[in-house]
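*Asks:* Heads up, here are the entries from TrEMBL:
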{"type": "TRANSMEM", "residues": "363-384", "note": "transmembrane segment"}
{"type": "TRANSMEM", "residues": "420-442", "note": "transmembrane segment"}
{"type": "TRANSMEM", "residues": "448-467", "note": "transmembrane segment"}
{"type": "TRANSMEM", "residues": "479-508", "note": "transmembrane segment"}
{"type": "TRANSMEM", "residues": "528-553", "note": "transmembrane segment"}
{"type": "TRANSMEM", "residues": "560-580", "note": "transmembrane segment"}
{"type": "TRANSMEM", "residues": "639-658", "note": "transmembrane segment"}
{"type": "TRANSMEM", "residues": "665-688", "note": "transmembrane segment"}
{"type": "TRANSMEM", "residues": "694-717", "note": "transmembrane segment"}
{"type": "TRANSMEM", "residues": "724-746", "note": "transmembrane segment"}
{"type": "TRANSMEM", "residues": "909-930", "note": "transmembrane segment"}
{"type": "REGION", "residues": "945-1059", "note": "region 'Disordered'"}
{"type": "COMPBIAS", "residues": "962-971", "note": "compositional bias 'Low complexity'"}
{"type": "COMPBIAS", "residues": "978-987", "note": "compositional bias 'Basic and acidic residues'"}
{"type": "COMPBIAS", "residues": "988-997", "note": "compositional bias 'Low complexity'"}
{"type": "COMPBIAS", "residues": "1026-1037", "note": "compositional bias 'Low complexity'"}
Amino acid sequence: MSPRVTAIVVVQDGSRDAAHLRATLHALDAQIRRPDHIVAVALASPPQVIEMLQGAAIHQIVQLRDNVSFGEAVRAGIRARVEDPAADSDAGSSAFWLLAQDTAPEPGALAALVGALEVSPSVGIVGPKLLDWDHGETIISYGESMTPLGAAVSLVSGELDQGQHDSVSDVLGVAAPGMLVRSRVWEEAGGIDPALHQADDGLDLSVRVRLAEHRVSLEPNARVRFAGDGVAGPARSRRGAVVRRQAFVSRAAQLHRRLTYANPAVVWLHWLSLLPLAIVRAVWRLITKQPELITAEIGAALRVAFGFGRVSRARATLRQSKRAGWSQLQPLRISVGEVTRRNRLRREAGTVSVVVERSDLRFISGGGGWLVAASAVLSAVLFFRFVDVAALGGGGLLPLSNTVAELWGNTGFAWRDQGLGVITAADPFATVLAVLGTLTFWNPSFSIVLLYLIALPLATLGAWFAATRLTERSGYRLFVAALWTLAPSLLGSLAAGELGAILVHLLLPWLFYTSSVFRRSWAATAVAAMLAAAILASSPSLTPAFAIIWVVLLVSAGRYIPRVIWMIVPALTLFAPLIWQQGIRAGNWWALLADPGSVVAAFPVTEGWRIALGLPAYEASGWPGLISSLGIGGVAAEWALPVLLAPFLLLALAALLFRGTLRAAGLLGIALLGLLTAVLAGHVLVTLSGPNTVAIWPAPALSLYWLGLIGAAAVGLDAMRRRGLVPALVVGVLAVVVAGPMISVFPAGNSPVHATDGRTLPAYVTAAAGQDPRQGTLLIRPEGADSISATLIRGGGTSLDSRSTRANTRTTLTEDDNRVADLAGNLISASGLDVAKTLTDLRVRFVLLAPASPGLNPGDAAGAEQTLNRAIAALETEGALGRVGPTDQGILWRFDGEIPPAAPAPTTWATPVVGLLTGIVFVVALLLAVPTAASRRLAEATPRTIGHAVPRSGGGRRAAGKRGASAGEGSARARRRAEREAEREAEAAVAAAVEAEPTVLADPDIPVPHATEDDTPAWPEPAAPPTAAAPVIEPAPSAEPVLPAETAPTATDEPKESK
């Protein structure tokens, strides 16, 4: 006897996909074997959808006001059918056909499904062949299985239907859309688990049917078109929000099934493993460059971990229907090896076919390697005297701490032995120095020496690679690298010992190299974020300029806004403690822009219009002396340097007249920001050095200025092609002429940078610090007539990583400062007061009287000399001190009184918290930055330069490159259009990555269906609808179907399980 079939059609706000719904209703009406009864379940559907259902051949309409899961909606439809007085009473000979608004069966589908049930009484569920809505010969799903660990696997997906799988019959499970299930089997198995939504609901029901000793089979002649609207089965859209939602749903379903299927003795172990596994999988998402899916992993674990009621009901349902053992399912499972093989074949099938070949790098053949070698030779000539030294000093340089542990101890938020000691935030620059010093862990200070030795070749290397983003021509890449290496900001910073500015100049090209392609990969974004953090830590004065650039990127990022947001996260993490102390608590926001490190004005900064020439310290650049020695004066002296640099500036501005105007304008905008920052830096006086204020060193801003100008010039030269060779050569020669006097500063000995032994205090003090690391040394230095500066130094001396902008920018004296000042004043004034007690209380073991500060004007220098002589006389008569004698740092005295042991350093809860958060952020950044095979393939499939068309992939997708253009060809509009298309494909990469997992039943190579109003199958016209409108059933508030709280529409799940 043929079973009576009740079709349950679930509609979820069908107004959004009206064409899909219309096609499904049309297909139902065209069935050769019509359903005996049709129940439509409308979920939160508007009146026009209800009218459409009433106009179709629908017998009952059930309206639910909430968007419940597909399984709960089917339950509501079945209850409405059973409660109908006209319903057939023979449940044993009836069946339910589960459909949704986007499942349009072919005319013979139901007949084939019913026939399968008739010939095999042992079959409880029969599933159709789900085909792509737009491409009807592509299989979406045809049978499902599980791995030994419970991961859901689609047996057939993404293949053309050529009948190659028609012989498959018995399977472990089938997808819910289109399945035909006997009503008595439905009741026996408990129906679809309401906790499963859009994932694994059909597989889970099939597993319970199998365990109830019924069969699950496939019917190849039952073909159903499936669109993937997300009502039944997984949504197939590639939009970011949908992909993230589907990942959450799938993972939640997988974990839910794992707890449901687990042995009672070990279910608690599975529950305890939920969060640890979520963290491990989150790390894996970082490694595979899918950070947007981390929230899905954590959220799914939390939902299942606290969904005790859902799991308990599911386990009870399984227990009531289970009659067979899990071992009977083993032959129908699929091995992990087979899943791996399938995924590998899928990746190979989707291999990118590049239409526009990516050019070779040509680093050696194009001259890049030779230019780096030339820079290394020049560096060896200039800094050969530093080859065998242990540390550098002078200018803004100081040695680093002696050990790596001390380096990292000076980072973060903790107790600092500065003066009398204080709990404070370290400068972010301390973290940069810690990383730098760790590279030469045997002698951290040697890292600065090494940096000096290789700074020029590193600058050349970075600029050459940055140039690959702007031009494919080797000559112009050499032009960019040469000008960047000879930039006045780099040469001036090397001469002045400004380590932060040197690091900024070396890192800026790499920041441009990575950030310019942030849309292409998360790896590039993560590297750019870490580079930006290091640059801002080295020169906080660049923060306003970077903030403006970041806002522009944010506004123009479109779907890549999360990547732009991530770019500032590492920097914010480093600066957060300082922002809290300096800005929020102290209200000293300008101090956040202060230069980190040693506060020494080695050279006076450039003022006035000369700052536009790119020289941070004009008076020390060698040019004033050269002009004077040549006897040039008047207007000629003023305009000599501007005339030499004018061709370069004009070349950069001329880029606006050629192809690539947008790129040139953007780079010139960066140059303008750098110039404005350099101008303002000279007027921001927030750092104190004794009684004097020190301006912000403008070189980092000038490096940004130089980067924009060189980049714009490169864009213009690339547009001119061969015609740009002569201008490039002229500008290059003039750049060498301009750099000549600045390079001569080093061999002429006009730079304050010199070799040191790594000590900042006399050797006698350093040796004593080995016995008492927290001993105090009072450093007194005359600053003028009756003026001194007094500093209390702990241990063996100060280091570059221990310096603090918070201390350098304080404008008020604390009580501790006053105590130190009173002690110093009493020591040098022969006051007759007993200072022994104060020396003991402050734990001061040594007093060092240093010579006057260099660079004082003649009047202050003479007064400082008098103050020095008076101080010597007073200290000689101080009975509490014993003279040690003159040292290379000044005259030293020792206090031989008893000094109590140092008290333990205070601790604060903020120390581990700040360290942990900073570590987590940078570990995440490092994991994202690690390249993968997929990211390398994507890089190989895109042009190296920016602003050109990105080739598109073939292999089943739209033909690649139809609207693209090879590098350097086509109009700017065509290139921008091609890049936008490439960005959309990059967005789809995340969806493809999710789909590539065994838990996803959709295939990444199947296009997303796009319904139209005329999207109906070319099948027979529908029969006339019933004369009377179908009754609309609206359950009373107290009647079913009412959705339990734990199955609310926000509760979604995904595939997987374990025994």
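Backbone N, Cα and C define each Cβ position, glycine as well.
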*Asks:* Using a Cβ-Cβ cut-off of under 8 Å, list the residues of the same chain that are 6+ residues beyond the ends of the transmembrane segment (528-553) and lie near it.
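*Replies:* For the transmembrane segment (528-553), the nonlocal Cβ contacts are 427-429, 431-432, 499-501, 503-504, 507-508, 510-511, 514-515, 518, 564, 566-571, 573-575, 592-596, 670, 673-674, 676-677, 681, 684, 696-697, 700-701, 704, 805, 922, 925-926, 929.
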*Asks:* Which one, 363-384, 420-442, 448-467, 639-658, 665-688, has the most C-beta pairs under 8 Å toward the transmembrane segment (560-580)?
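*Replies:* Looking only at 363-384, 420-442, 448-467, 639-658, 665-688, the most contacts with the transmembrane segment (560-580) come from 420-442.
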*Asks:* Considering only Cβ pairs under 8 Å, which range in 420-442, 665-688, 694-717, 724-746, 909-930 makes the most contacts with the transmembrane segment (363-384)?
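*Replies:* If we count Cβ pairs closer than 8 Å to the transmembrane segment (363-384), 724-746 scores highest.
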*Asks:* Please work out which recorded stretch in 420-442, 479-508, 694-717 has the most C-beta pairs separated by under 8 angstroms from the transmembrane segment (448-467)?
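*Replies:* Checked against 420-442, 479-508, 694-717; highest Cβ contact count belongs to 479-508.
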*Asks:* What residues in the same chain, six or more past the boundaries of the transmembrane segment (479-508), come closer than 8 Å to it by Cβ-Cβ distance?
*Replies:* 368, 371-372, 375, 392-397, 429, 432, 448, 451-452, 455-456, 458-464, 466-467, 470-471, 531, 534-535, 538-539, 542, 595-597, 600, 602-603, 613-617, 620-621, 648, 697, 699-700, 702-707, 710-711, 713-714, 717, 728, 731-732, 735-736, 738-739, 742-743, 745-746, 750-753, 800
*Asks:* Find the member of 420-442, 724-746, 909-930 that has more C-beta pairs under 8 Å to the transmembrane segment (694-717) than any other listed stretch.
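*Replies:* Ranked by Cβ pairs under 8 Å, first place goes to 724-746.
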